[in-house]
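Undergrad: Let me begin by handing over the structure; questions about it come next.
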Amino acid sequence: MKDLLKFLKAQTKTEEFDAIKIALASPDMIRSWSFGEVKKPETINYRTFKPERDGLFCARIFGPVKDYECLCGKYKRLKHRGVICEKCGVEVTQTKVRRERMGHIELASPTAHIWFLKSLPSRIGLLLDMPLRDIERVLYFESYVVIEGGMTNLEKRQILTEEQYLDALEEFGDEFDAKMGAEAIQALLKNMDLEQECETLREELNETNSETKRKKLTKRIKLLEAFVQSGNKPEWMILTVLPVLPPDLRPLVPLDGGRFATSDLNDLYRRVINRNNRLKRLLDLAAPDIIVRNEKRMLQEAVDALLDNGRRGRAITGSNKRPLKSLADMIKGKQGRFRQNLLGKRVDYSGRSVITVGPYLRLHQCGLPKKMALELFKPFIYGKLELRGLATTIKAAKKMVEREESVVWDILDEVIREHPVLLNRAPTLHRLGIQAFEPVLIEGKAIQLHPLVCAAYNADFDGDQMAVHVPLTLEAQLEARALMMSTNNILSPANGEPIIVPSQDVVLGLYYMTRDCVNAKGEGMVLTGPKEAERVYRAGLASLHARVKVRITEHEKNEQDEWVAKTSIIDTTIGRAILWMIVPKGLPYSIVNQALGKKAISKMLNTCYRILGLKPTVIFADQTMYTGFAYAARSGASVGIDDMVIPEKKVEIITEAEAEVAEIQQQFQSGLVTAGERYNKVIDIWAAANERVAKAMMENLSTEVVINRDGVEERQVSFNSIFMMADSGARGSAAQIRQLAGMRGLMAKPDGSIIETPITANFREGLNVLQYFISTHGARKGLADTALKTANSGYLTRRLVDVAQDLVVTEDDCGTHEGIMMTPVIEGGDVKEPLRERVLGRVTAEDVLKPGTADILLPRNTLLHEQQCDLLEEHSVDSLKVRSVVSCETDFGVCAHCYGRDLARGHIINKGEAIGVIAAQSIGEPGTQLTMRTFHIGGAASRAAAESSIQVKNKGTLKLINAKSVTNSAGKLVITSRNVELKMIDEFGRTKESYKVPYGSTMAKGDGEQVAAGETVANWDPHTMPVITEVSGFIRFTDMIDGQTITRQTDDLTGLSSLVILDSAERTAGGKDLRPALKIVDANGNDVMIPGSDMPAQYFLPGKAIVQLEDGIKISSGDTLARVPQESGGTKDITGGLPRVADLFEARRPKEPAILAEISGIISFGKETKGKRRLVITPIDGSDHYEEMIPKWRQLNVFEGERVERGDVVSDGPESPHDILRLRGVHAVTRYITNEVQEVYRLQGVKINDKHIEVIVRQMLRKATIASAGSTDFLDGEQVEFSRVKIANRELEANGKISATFARDLLGITKASLATESFISAASFQETTRVLTEAAVAGKRDELRGLKENVIVGRLIPAGTGYAYHQDRMRRKAAGEAPVVPQVTADEASASLAELLNAGLGGRDDE
């Protein structure tokens, strides 16, 4: 009978809902929820353990303690259900109602709700327009507030102290009304006429001009309107009735020994009830005012502590001095309701164990210990045992399994067949951290994992553990097989490259197998095919590396899609011919006819996937692994101490370097160089020496001399084990070999600065004590950093997921013509990322034309696959416009065309794909990887020698962009402008190289000249920045007063003296406002003007600048007037990288940002004030000019009379993304953030597709600020969801009304997450109290659009397989249909129950 009831209950559908609204609860509403008033603070009777009547656990109010049984025991059993016992007043029903029935407490005096009082900005304060301090004084009974002034001179809401109140009473009697406590505030709130107030405020807003006042008024108007629209009443922010949480949510558990463990809430409620009852009694007794007042204050404090302990004053502590956990603490933070229970749940049917290698497994398999499988698949086994009639009841089946009878194992095999399990390794940083496999039963207790999936899991076998989960329902198994099977996850969603790539042993084996060797055994044989090659090798007639000729048959498809065979005799080696046997049909032989390193193998698998598709690739990957393992074992490659060959040149190189260092030291002592310069130069010398040693060592290791068949000596690539491991990419790198056999080099201190004495020894020679100490210095920092950065990186991922969680592909094409221009990323002489890699998998936004013609190469809306990219390269297309997520026009989502290819699948993305989460994981996952990988080079400083010249790599035409230059006395060009770019253009007009040329460089070639490859075109001193004059004349010192702004440094040895400008911090008071400068005058002492402007030539000198000229000396243009020493850089490491990425995504303004031109026009300088210059830009069309004050110490890039465009850099510095957005637009800011983030990851060799970063940028740009509201109901200056503005404007344009104008805003990811439309999502992220308070006051509706909200309310997410369900609901809602609820009769129910039982609890009978 009980089962039948449960079954009936399961048949009733849960109610469907479309949105969740949060609002203030009115006292009547609280009473309507309640099942009775809690009058006593007692909980349960400690002798009988029965709840006390009218107490906090009262059974009459909250429901029975035992199922279907009243408290006194008069009614028991199901037949009485719904009866209310006349003796104890308890309803006979299930005990789980104690989780949902609420009670209430009638408060004897109103109390303010602390959230609306103290959560900043205080809602009560904003509404009443009173300072929080005053409201608190009223609430806590320190002063009176005037409620009605009547005919007196007292203002409404005026605060009166006790004395003032008494005086007023004497003067006016009862003409006026003033109260204290929450009653007073309640009265004030009740008397407010919201609509009237709104009107007056709007009028005020139109009249006022002051910015601060406007801000305050808009805030108040918004709050008032929220109250009007939501139907909340302001006086509901003051509680008169307090709801009581259901008792099962604040349990009281008896421990042994007569003590109780209780939830803190019970204590807090007890305090409230006690104080409330005492207050009631005092009021009945008409006690003196002062006593009542004190009791009311205490009640207010008790209610505050219950709602949010510690928000005001000291937190109330329990018996053990620990603050009590209040209602607010229950929901916020990592341990709160949201993050602990709603977003993270525990999973049953799971197990965990250590993992070991399963080298014989297929890619879709994993080894599952029998013990574990038996436990996990128990329900299925029970079902099968009953179905087969081997056990009559579940109990019998249970016994059989416990005895582990032989039949049980057979049934386990059946149950497990084709039933995938999920394997997960923590931390799950991206979706590949959980994959599905088919279990293979094994002996032992460790889970076996396929080696190729280790890269995706970031797993190794040094004791890692993994968890196993069993998908129970048919749908879950289907999803696991179709979407999560390891064979379906060959490509990484972050960059679209294979992630199932052999590494380590396999790579070494394949590399060893495909190497060739001069004069090996069997060289010159001619073989009939791979089979014979294998026979010859097995018979010992030929070596694996012998160069032979083999007949090879290749296949390729013709136009009719049929395989065509092509046979030829190819020069190759035995090993490569053997490897060819496992290469799938359709790949060219050239793919294996080379020494295969890790990159080549990856490329081979990628090619295989693109040409042949999924299945052959999976089989091929497995085969490469088996072969690789086999031949790695055959090779017997191992590391011996003699494999580390130390180059002979090492001693000589080190001696030379030491001599150079001694020379610099000498110069330093003679005063020719400063301490900073000396340090930098020493570091450079050692860095260069280290490079030379490394080069010599690698030459030594990488080649060996052998005698070929003709008896002649020949050099070939060496078979040294260490070299082979590094060369193949199996393990180790040149940097590590350098430490083993070269020299360890420079090390970093914990603060990142480089220690100038390098470690000249290597690990083979061994380190002495000092060297060892220096080593540990940096290595420790590496480990400490790792721990910190893992946490940081995890937090970054969490913020990214939170900001992007609701972004899903919702339609096929939004039809926009917008997009972003893509060009190759060029840094220095290298194309860091060619165009094809940037546009692959994107959709063209405009027709792509053949360069120089009007012929269409590719039409608009073409998805660029590999073939199309080849076409672009053929026609040498240099830039093209592609669709981008940032410019997608879809409201609430993104369209498939703007996103392009699904990187993990290789076709255009499907609707319902959760691209936001994928993007967040793709960016966050390497963050952790990188942070974990800092210490691998043992803190060895990897700082390259400072650049001091530009040497071009390709021949072509030199092009200088924004360059100004002068010719110096030697006839060379000297650059005098700041952001100069130098580009090399090839004959097709494509940019091949691009360099930044620093200020003060000497150019060997000018703009437009032809340059040969390898030519040096520019030189500069990397350690100092010169100040260069553009005019000739005589020097005149201004404001250079000894001891105030400058100091003379005379060299003891050389007697040369130079002037050093003091930093403003080092100057005396008199020197603070002086501005040391060098002025250039002509022979008569008149100012010389800068050419092309009417500004006198004078050069302001920054602090620390060194001048080696005297007053009045003659100089000519292009000469150096002064040198500013550059600070030495620390080491480049992702440490700088991770905070940098976080700063970019948080859109933080840099400390001293670049100053950009606000409008286009001509520059001039206005009147100067103390410490600032006035920059004036006058537009050419003569409209209003723009002024800005710039601190004098800022170096300006512009001169008087120069023309600038809006958004040009006026003064150097890191650019602020907000300025870029404001002045250059959305695309510029997207490009900036994308490039800067990619820069950090590229340094670490991590590839991430640009799309992911653009997705995050789109989410950062989702708000806009209204400039003028037009006919919309937005307020000027209000921040609104961008899509809402777009929708509103579309409606207005359709009706021919005035639309709103707006400016896009860039929000940092934390801000953007908190500003989302969904309050549930925001509350579960951070600042829960604030978010909920705001939402409740505004009466917000959550439409449950994102993923997070849906997870929290416990239904399918609107993405992936849940997308269809939500689309269906939307359709039904639009059609106005009622949700279909199947009506079930009792007969049908019992029939289907019987059917269920016969089928063995839903076991599958097809096996």
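Glycine is treated like the rest: Cβ placed from N, Cα and C.
Just so it is clear, the model here is predicted, and its values are computed rather than measured.
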Undergrad: Please identify which of Cys608, Cys814 is recorded by Swiss-Prot as part of the Zn(2+) 2 site containing Cys888, Cys895, Cys898.
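TA: Candidate in the recorded Zn(2+) 2 site: Cys814.
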Undergrad: Select one residue from Cys72, Cys85, Cys88, Cys898: among these binding-site residues, choose the one with the most other Cβ atoms within 10 Å of its Cβ.
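TA: Result for the most crowded candidate: Cys898.
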Undergrad: Would you list the other residues of this chain near Zn(2+) 2 - those whose C-beta lies within 8 angstroms of the C-beta centroid of Cys814, Cys888, Cys895, Cys898 - in sequence order?
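TA: Other same-chain residues near the Zn(2+) 2 site: Glu811, Asp813, Thr816, Arg883, Val885, Ser887, Glu889, Thr890, Val894, Ala896, His897, Tyr899.
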Undergrad: Find, for the listed binding-site residues Cys70, Cys814, Cys888, Cys895, the residue with the lowest Cβ contact count at a 10 Å cut-off, counting only other Cβ atoms.
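TA: Selected from the binding-site residues Cys70, Cys814, Cys888, Cys895 on minimum Cβ neighbours within 10 Å: Cys814.
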Undergrad: When you rank Asp462, Asp464, Cys888, Cys895 by Cα distance to Cys70 (Zn(2+) 1 binding site), which of the binding-site residues ends up on top as the closest?
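TA: That would be Asp464, nearest by Cα distance.
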Undergrad: Rounded to an integer, what is the Cα-Cα distance in Å between Cys88 (Zn(2+) 1 binding site) and Asp464 (Mg(2+) binding site)?
TA: 58
Undergrad: Of all the binding-site residues given, Asp460, Asp462, Asp464, which has the fewest Cβ neighbours within 10 Å once its own Cβ is left out?
TA: Asp462
Undergrad: Of the binding-site residues Cys72, Cys85, Asp460, Asp462, Asp464, which one has its Cα closest to the Cα of Cys898 (Zn(2+) 2 binding site)?
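TA: Out of the listed candidates, the nearest Cα belongs to Asp460.
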Undergrad: In three-state terms from DSSP, label Asp464 (Mg(2+) binding site) for me.
TA: coil
Undergrad: Within 8 Å of the centroid of the Cβ atoms of Cys70, Cys72, Cys85, Cys88, which other residues of that chain place their own Cβ, given that this set defines the recorded Zn(2+) 1 site?
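TA: For the Zn(2+) 1 site the neighbour list reads Ala59, Leu71, Gly73, Lys74, Tyr75, Glu86, Lys87, Gly89, Val90.
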Undergrad: From the centroid of the CB atoms of Asp460, Asp462, Asp464, the recorded Mg(2+) site, which same-chain residues not already listed sit within 8 A by their CB, in sequence order?
TA: Ile355, Ala459, Phe461, Gly463
Undergrad: List the Cα distance (Å, whole number) between Asp460 (Mg(2+) binding site) and Cys72 (Zn(2+) 1 binding site).
TA: 62
